[in-house]
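Asks: To start, I am sharing the structure in question, which I have written as structure tokens.
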Amino acid sequence: MERIIDMGGQRYRYRNLGALMAQATPLRSGDELAGVAAQNAEARAIAQWALADVPLADFLNEALIPYEDDEVTRLIMDRHDRNAFAPVAHMTVGDFRNWLLSHQADTATLQALAPGLTPEMVAAVSKIMRLQDLILVASKCEVVTRFRNTIGLKGHLSTRLQPNHPTDNPTGIAASILDGLMYGNGDAVIGINPATDNTSAVTTLLKMLDEVIQHYEIPTQSCILTHVTTAIEAIQRGAPTDLVFQSIAGTQAANEGFGINLALLKEGHDAAQSLQRGTVGQNVMYFETGQGSALSANGHHGIDQQTLEARAYAVAREFSPLLVNTVVGFIGPEYLFDGKQIIRAGLEDHFCGKLLGVPMGCDICYTNHAEADQDDMDMLLTLLGTAGCNFIMGIPGSDDIMLNYQTTSFHDALYVRDVLQRSPAPEFQQWLEAMSIMDPQQRLLVGQQLPAAFQQALSP
Amino acid sequence: MTKHITAQPSAKADHASPVTPNPWSRLKHYTDARIGLGRAGHSLPTEAHLTFQLDHARARDAVHQPLDIEALSTLINERQHRAIPLHSAARDRAEYLKRPDLGRRLSDEAIQHLDQYRDTHREDCDIALIIADGLSARAIHDNIAPMLDTLLPRISEQGWKLGPITVVEQGRVAIGDPIGEKLKARMSIIMIGERPGLSSPDSLGIYFTWAPHSGRRDSERNCISNIRPAGQSYAAATDLLIYLMLEAERRQLSGVQLKDDSIVDSQLGDGRQGNLLLPH
């Protein structure tokens, strides 16, 4: 449906809701590359006025990508909960922003609302919000998930320990795991990006992580970030698999580019659940996303990258994941040009995911060809911590020697926990204390000596 | 006044130092990961922080350093090959970074240049060899001479006819497709500066494509990555490339279907070997 707004004696027309959403999106290079961005700053600001006037209910009647063409649209529409939507059903996007910021929208109210919201609604409202709005509203949300520990409770911040090595060398990986554990990291997951998708190699890594977790009785879970089909095969071969990983996107076409569809994700989910390896819960999926992935896979349908990213969370939500990670600065400057764009995107993704009821974490990261540096990452880290982000990455010295990008370090996690009074997952915190890695005030204890249980690592 | 500064901000942690070193720092022997950095409170010690800043500066410089066309042409001529300098459709680095599509296409001048070459050189070739800056000109400057000296003799050994060596500014991997097509080459090899890592600003990548033409998908190429003095050796990269080319000639294709799936279960162990976290 065409939409029209008259502003300052000028008439502005939008071909359809998707075009309006794209023009209202804060500037980013990926939308310019796709040719969907507003022509100039004024056009963008006017599109935001027009978007604020759109009733939320319109998103249920006007699919951005046709229902017949796209299984993600079908998932969003078919799963929409009209009863949960009722409290905001009469609102426009602009009203919805006001209501979200109001004291009426508290934690319990937002949790009850989540099944009534679609990705397009939350993406729309995010486009007319400042960073402080995104932070304030997200900080009111609470999405808690469980496997061998409890992630996402208010006042807690977890980390993925990411011990990547360019050749999957077991000693090199073990050295990075030790480093991370001694810095109190690893409660979200110990997760490796393997150098190969080979099922046997993946199985070997799964066994390695399983033995470490069992030997030290660490209340955490492992994951090898390989294609879902490889994980299913590994499970069939008896590999000790905690979490099944997959990169996902917000359109059927982009997911096909990843070699997946909803049926395959369900198969992966069911395979992991059949093992019943969780002790306090059975959230068994780990998803990664990122703005720009749909354009990169040539499956964007003329929709802006932030809206498509929010649609990926509807895919995630369907499979009750333990962790959803927006890998915000990994894709490169053709999608998010600089620190400013990366920071905003990270906060938008976290906000949209949380409102939809998804356990959002963020890989706060950048590549060396983006206009960004450690100062930008410190800003995003501090802001996401304030917003109540469920988890971040932890890697030795911020340097991923396998994927060639920079993400947050073990030290960074301690910084943000200290400055914002956040703790690790409660079960993991108890373990850190029992192992004499941290004291009850969350100060690291490890000095000249390794804790007793770990001394064998340095014995010849 | 001149003061000589030693580049060791906190040379040794002693009793009075606010830095807590990590007793496992000797495990650095097993990985390039930045483990065992120690801590000041919970934060990075000065030395580790400044090391990171210096490495990031080097990686940034590698992205923005221009390709030295003249030196590369000389180097190629010295090896008895013709060098053709070309430019992609991306005018400068800023445009290159924002518009990956332009880095995959030749500029109008470059197309003319190749057409003129073809007017006077009608003979087809087996291999189009392309050198492109990609995201690190430094990777080319540091690695191209030893890489060519290892590879070129192996190519002549196989009896393959090498076309002119093109040197492309602001090029991405897929620019090898229109070049290979214009030169009527049966295969293309592109040597390109990879996205620089913090610990690897000098990493060279090689992409191989059978029957190059515009519109080839990335899944139709094979990649050999991380070629640099501290990474994959020139000899190992050459061995793998020659293997892929022979296989491609036999099967008349390249890409995922040529995937080197040579890992066998017996090489992998059970996950215990080398795992220093388990009792040994």
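Any Cβ shown, glycine's included, is placed from N, Cα and C.
What TrEMBL lists as adenosylcob(III)alamin binding site is B:Val173, B:Glu194, B:Cys223. Annotation comment: TrEMBL describes B:1-25 as region 'Disordered'.
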Asks: Inside 8 A of the center formed by the CB atoms of B:Val173, B:Glu194, B:Cys223, which other residues of the chain have their CB, for the recorded adenosylcob(III)alamin site?
Replies: B:Gly134, B:Ile190, B:Ile192, B:Gly205, B:Ile206, B:Tyr207, B:Ser225
Asks: Out of B:Val173, B:Cys223, which of the binding-site residues has the smallest number of neighbouring Cβ atoms within 10 Å?
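Replies: Relative to the other binding-site residues in B:Val173, B:Cys223, B:Cys223 has the fewest Cβ atoms within 10 Å.
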Asks: Please state whether DSSP places B:Cys223 (adenosylcob(III)alamin binding site) in a helix, a strand or coil.
Replies: strand
Asks: Which of the three DSSP-derived classes (helix, strand, coil) applies to B:Val173 (adenosylcob(III)alamin binding site)?
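Replies: Note: B:Val173 (adenosylcob(III)alamin binding site) is helical by DSSP.
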Asks: Please state how far apart, in Å and to a whole number, the two most distant Cα atoms are among B:Val173, B:Glu194, B:Cys223, the recorded adenosylcob(III)alamin-binding residues.
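Replies: Per the listed residues, the maximum Cα distance equals 11 Å.
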